[in-house]
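Trainee: My questions will all concern the structure given below.
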Amino acid sequence: MFRIGFGYDAHRLVKDRPLILGGIEIPYSLGLEGHSDADVLVHAIMDALTGALGKGDIGRHFPDTDPAYKGAESLKLLKEVMDWVKAAGLVVNNLDATIVAQRPRLAPFIPAMRERLITALGADHVNIKATTTEGMGFCGREEGIAAYAVVSLTGEKVDA
Ligand code: MG
């Protein structure tokens, strides 16, 4: 059994919010707006997982109209999604993700994000990248931050 899932998310950058990416709080003057902690990277990963499982999207499972998810730590929601992966008899083979942000510089924080995600996903093959858009578009204008994620799931661990 082999499945691939793709996820995308974007959140608006605003004042007076923490900037949380991959479960790590990043010191910055702006943060992401959202009902939960607005961890756009983790949301993209959760959508990739629900996609691979054929279970729709995270908006369906964790609606932003539900007060239960107000201020929710996205890594905890990711653990719930991982329970569905396990229930399906699958494991995460690999994750590849890209964060799109003009600022701040994310490279120094990527190793810590990666560690968090290795633990959450139970996968060794976790790759996190960050890029700017050279000032173009909503990410380039620093109106928001976006993230893309691709995951593969297999019936058993594949060593490579
Ligand atoms: Mg989101």
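Positions of Cβ are set from backbone N, Cα and C atoms, glycine also.
Note that TrEMBL annotation is computational and uncurated.
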Trainee: If TrEMBL gives ASP9, HIS11 as binding divalent metal cation, which of HIS43, HIS61 does it give for that site as well?
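Mentor: Looking through HIS43, HIS61, the residue TrEMBL assigns to the divalent metal cation site is HIS43.
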Trainee: Could you tell me which three-state DSSP class ILE58 (4-CDP-2-C-methyl-D-erythritol 2-phosphate binding site) falls into?
Mentor: helix
Trainee: In three-state terms from DSSP, label HIS11 (divalent metal cation binding site) for me.
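Mentor: Note: HIS11 (divalent metal cation binding site) is in a strand by DSSP.
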Trainee: Where does the mean pLDDT land for the domain '2-C-methyl-D-erythritol 2,4-cyclodiphosphate synthase' (2-153)?
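Mentor: That stretch averages a pLDDT of 96.
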Trainee: To the nearest Å, how far is the Cα of ILE58 (4-CDP-2-C-methyl-D-erythritol 2-phosphate binding site) from the Cα of HIS43 (divalent metal cation binding site)?
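Mentor: Given the Cα positions, ILE58 (4-CDP-2-C-methyl-D-erythritol 2-phosphate binding site) is 8 Å from HIS43 (divalent metal cation binding site).
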Trainee: Quick check: in three-state DSSP terms, what is HIS43 (divalent metal cation binding site)?
Mentor: helix
Trainee: Taking just the CA atoms, what is the gap between THR132 (site 'Transition state stabilizer') and HIS11 (divalent metal cation binding site) in Å?
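Mentor: Roughly 15 Å, rounded to the nearest whole number.
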